[in-house]
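*Asks:* This is the structure I have questions about; it appears just below.
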Amino acid sequence: MYKCDKPLILASSSPRRKAFLDQLGLEYSVRVKSIDEFAQPEESPEAFVCRMALEKGSAVSYQHPDSWVIAADTIVCLDQKILGKPRDSEDAVAMLCRLAGRSHTVMTAFAIICEKEKISEVQLVETSVYFSSFGEVEARAYVATGEPLDKAGSYGIQGVGALFVRKIAGSYSNVVGLPLAELVERLLYYSVISI
């Protein structure tokens with residue numbers, strides 16, 4: 001549907017983010033630099049996720065100054081506390097049990113950076129997700145599938161984890177890990193892509 005008019009790099013190894021860009025028909029390369037992903041003392045979830053997206057993008061953009069770099073970070077927040085990727089299966093079960101029967105917020109920040117053009121921006125998108133009530137047995141059965149172990153909040157809305165979701169308010173693609181409508185709008189604005 002879209003074509004790239006400028007060199008584009010995705011600074012993420014996420015298969016879900018890659019799939020979204022593939023669905024748009026974009027040509028891009030993938031470059032990833034690891035960074036320390038720890039919240040600063042007193043840093044809000046919003047500030048943390050924005051900083052992570054910018055740091056991931058900047059680390060790649062520095063080495064590819066002529067390219068346009070997209071980077072993103074996604075977190076799940078419950079009661080203003082960040083639920084990242086689970087450490088192990090037990091941590092995943094505990095997270096899911098905390099989310100059961102409640103609403104939480106999924107925040108994805110994406111950064112668009114081009115060193116050559118002196119462009120560096122970040123945008124935060126929030127989606128409310130409402131979980132149905134379920135118990136530890138259901139949480140353990142889901143964790144046993146292996147699906148939640150690499151996902152913020154210990155679930156994947158695009159997979160079996162959708163069984164827990166009663167409703168969402170906001171962007172579905174944001175919950176998966178990349179708010180497409182907002183991203184495409186900015187890439188069109190900078191003439192990085194066109195129809």
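Glycine too: its Cβ is placed from the backbone N, Cα and C atoms.
Feature annotation from Swiss-Prot assigns active site, proton acceptor to D73. For R16, T74, Q158, the entry in Swiss-Prot reads site 'Important for substrate specificity', with the evidence type sequence analysis.
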*Asks:* Which state, by DSSP, holds Q158 (site 'Important for substrate specificity'): helix, strand or coil?
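*Replies:* For Q158 (site 'Important for substrate specificity') - judged by DSSP and reduced to three states - the answer is coil.
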*Asks:* In sequence order, which residues at least six apart in the same chain have a CB under 8 Å from the CB of T74 (site 'Important for substrate specificity')?
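*Replies:* Counting only residues 6 or more apart in sequence, the Cβ neighbours of T74 (site 'Important for substrate specificity') under 8 Å are V49, V106, M107, T108, A152, N174, G177.
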*Asks:* Give the sequence-ordered list of residues that share a chain with Q158 (site 'Important for substrate specificity'), lie 6 or more positions from it, and have CB atoms under 8 Å from its CB.
*Replies:* R16, V176
*Asks:* Let me make sure I understand the structure: which of the recorded positions listed (R16, D73) has the fewest other Cβ atoms within 10 A of its Cβ?
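*Replies:* Ranked by other Cβ atoms within 10 Å, the recorded positions R16, D73 bottom out at R16.
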